[in-house]
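Below: the structure, in structure tokens.
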């Protein structure tokens, strides 16, 4: 972080294949945000020799279950501290009530939460995108039908209640993510321009 003030955080949520990663890349190109993917941080930790979390994370990723929140919060906090940015997109987190409770416990007083950018997309569209990604050699062991079914089930049961929780607080910005990446980003820009000051735009 470039200053002593608390960082600004925008959660990015949506089903697997809803385009979170693609849209986060586009946001980073146009706005002074750093993109932190909870999943990428966990996968990076998984491939870090000597990481105390390696075996634990590997088991959860293979089973499509969720890694303990303390680990994820620790990795997110470390990434924010090591960045020169003040604004962060946190992609794919919080995924369940345990994540939310852990975030509130560990991180609430350390960040300014802007809200949740929610990519709304039908399951069949998301599934097709994920399978295409797997066929193209994404290198992700969970881009296959069996793992995807587990991930969609986990998403519906665990993550959607988090979206509803923030909706009640009027902190959710819904984007229809079923169209092409460029069309989706036009809608994202409309939201971002209302959320962040002009100096954060590049």
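A Cβ is built for glycine as well, from the same backbone N, Cα and C atoms used for every other residue.
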Recorded ATP site member, picked from 78, 95, 108, 133, that accompanies 17, 18, 19, 20, 21, 22, 179 in TrEMBL: 133
Distance [Cα-Cα, Å, rounded] between residue 22 (ATP binding site) and residue 66 (ribonucleoside 5'-phosphate binding site): 22
By Cα-Cα distance, the member of binding-site residues 43, 66, 92, 94, 99 nearest residue 20 (ATP binding site): 92
Intrachain residues whose Cβ lies under 8 Å of the region 'NMPbind' (37-67), provided they are six or more past its termini: 20-21, 24, 75-76, 79, 90-93, 95-96, 98-99, 141-142, 147, 150-151, 154, 158
Among 43, 66, 92, 99, which are recorded as binding-site residues, the nearest neighbour of residue 179 (ATP binding site) by Cα: 92
Subset of binding-site residues (19, 21, 66, 133) lying within 10 A of residue 99 (CMP binding site), CA to CA, in sequence order: 66
Among 20, 43, 133, the most crowded of the binding-site residues [Cβ within 10 Å]: 20
